[in-house]
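Annotation comment: Swiss-Prot describes Asn266, Asn314, Asn396 as N-linked glycosylation site, evidence class sequence analysis. Per Swiss-Prot, transmembrane segment is recorded for 55-75, 98-118, 126-146, 150-170, 201-221, 229-249, 272-292, 321-341, 349-369, 375-395, 416-436, 450-470.
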Amino acid sequence: MATRDLPHSVGDFCFGWVDQIRSEITLGKSQDQLIKEDVLEDDETVETKVEIKNLWPAFASGAGLFSDGYVNAGISTVLSCLKKIYGDEFTKSNAMNNIGSIGFVGTVVGQLSFGYISDNFDRKTGMLTANVMLIFFTLMCAVASWGTTVQGFFACLTVWRFFLGIAIGAEYPTSSVIASEFANQLPSGHRNRYFSWFTNAMIDFGFVVSSFVPLVLLWIFTPRHLRAVWRLSIGLGVIPPLILFFIRLKMDNSKSFKKMNMKRVNYSKYPWWLIIKFYWFRLTVVSLIWFIYDFSVYSFGTFNTIIIGEVIPNGTLYENWGWSVVFNLFYMPGAFLGAFIGDYLGPRLTLAIGVGAQGIIGIAMSACLKSLKKHVAGFVVVFGIFSTFGEFGPGNNTGLLASKTCASSIRGQYYGIAAAIGKIGAFVGTWVFPAIQKHYAYSEDLSLQVPFYVSSALCLFSAFLTIFFVPPVGQDAINKEDRLFKEYLEENGVDIRLLGDSGVVTQYQEDEDIGVISDEKDDTVKVQQKNV
């Protein structure tokens, strides 16, 4: 089982992915075909329509990521304002780097710790705790103050930014995981799109709003009152999670978590080694894809600066923030349309198409940088298409792969690890790319082109990993993986009667109490109780 995801021959490596991709494609299949191919849970009824009872919990859980996108992106507004307000006192201090870096650390801590909480305590409890933390620490960042010195204020903001990072990270292995499990209760052929809309599209929408709200506040308060602008920009981020908190109170855990959780398994008997052997390879591949995506995003963002510099060389704060709204809007078409395609072509092929196209366009933009600088309108259009493909492919589907390639028993930890490694990739990018730019400082063009070449090449490598090494991810991937995981644990001597909440009976537990006897004469199947 430790090698189940590895290619078993040269032919399997070269051509095995073709049949796997075909099995994920739903384009052209009728509703009856999708129902026939779908693997259902033991007591699950066939869903043929998207119903609010299943759609609403998926939305309520995933929509919390809007706040994550809003608050996380809103920190850039804070930094912009602090540069204007405090000048060299801020830019030449450690505070500028600390506020950004400490957020990464907090996010990783939140992703890993709440991944464990989500699996071993309760999905809903973890999500509500993350929600409360997000409300509280967002508010603390908005009102941050300590003593009467500027350095005291910087230190206070840094501390609260760390805890806000934990809250943001906590939403990933709780909200996203719950959204994937409720999306799994939707009709086959519709599951991937709703997960993508309620997770990645929510984050992207948060980016858009977080760039537009400061612009509106700037119109109201003018650049003379930037303290009010940045504090209100962050503070308004409290409202969405506050509303969601009361909606989430009425939610319940998903069916798959109730049946598959390992809360009743004693810690000393927890099958850690079996889990590692079963999932090590696919978790490594999914995490590496996420790492590359987040790592590359930093260098891709440098082209924003180039375009703004060419369009408005001496732009005002209004103009700079206005263009920020435009750049963030580029994400939305990719996130929306990619969600549809993810259902029709499957997440692996969709991700590979998106990240592959992004790599090719990125190489072309780098090679033609001098020409593009002279045609700013064309540069903006090409960069917009480039950004759209980023959300169309990896933006939508990295989280989807992380949530559907493992069993419900360990989904929070699995997702949390993959997301944390992705976030580490973003952090590494903030250090690697400036070093590359510094190395090529003698040439303005090379200092911009080389990081883009590196990131674009990694995008193509990511497409290769997705096609050849990620396991099949069909519409019924969650149910299939739950069954395979149960069988694997049972074969290795784990008492699977401990799976699930107390009182929740699975088909496997029923089979322990019911014997199945075949009558050889008429080939009929009779069921009788054991020990009778």
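Heads up, the Cβ atoms here are built off N, Cα and C, so glycines get one too.
Projection of Swiss-Prot feature records onto the structure.
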residue	record	DSSP class
Asn266	N-linked glycosylation site	coil
Asn314	N-linked glycosylation site	coil
Asn396	N-linked glycosylation site	helix
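Per-stretch counts of Cβ pairs under 8 Å to the transmembrane segment (416-436) identify 98-118 as the leading one among 98-118, 272-292, 450-470.
Counted over residue pairs separated by six or more positions, the transmembrane segment (321-341) shares fewer than 3 Cβ pairs under 8 angstroms with the transmembrane segment (272-292), which leaves the two as not touching.
Only residues 6 or more beyond the boundaries of the transmembrane segment (201-221), in the same chain, are considered here, and those with a CB under 8 A from a CB of the stretch are 62-74, 77, 228-230, 232-233, 236-237, 317-318, 321-322, 324-325, 327-329, 331-332, 335-336, 339, 391, 395-396. Across the candidate stretches 55-75, 126-146, 150-170, 375-395, 450-470, the maximum count of CB pairs under 8 A to the transmembrane segment (349-369) is reached by 450-470. Listed in sequence order, there are no same-chain residues at least 6 apart in sequence whose CB falls under 8 Å from the CB of Asn266 (N-linked glycosylation site). Sparsest Cβ environment among the glycosylation sites Asn314, Asn396 (other Cβ atoms counted within 10 Å): Asn314. With respect to Cβ pairs under 8 Å, the transmembrane segment (450-470) is most closely packed against 272-292, considering the stretches 55-75, 98-118, 150-170, 272-292.
On the backbone, the CA of Asn314 (N-linked glycosylation site) and the CA of Asn396 (N-linked glycosylation site) stand 36 Å apart.
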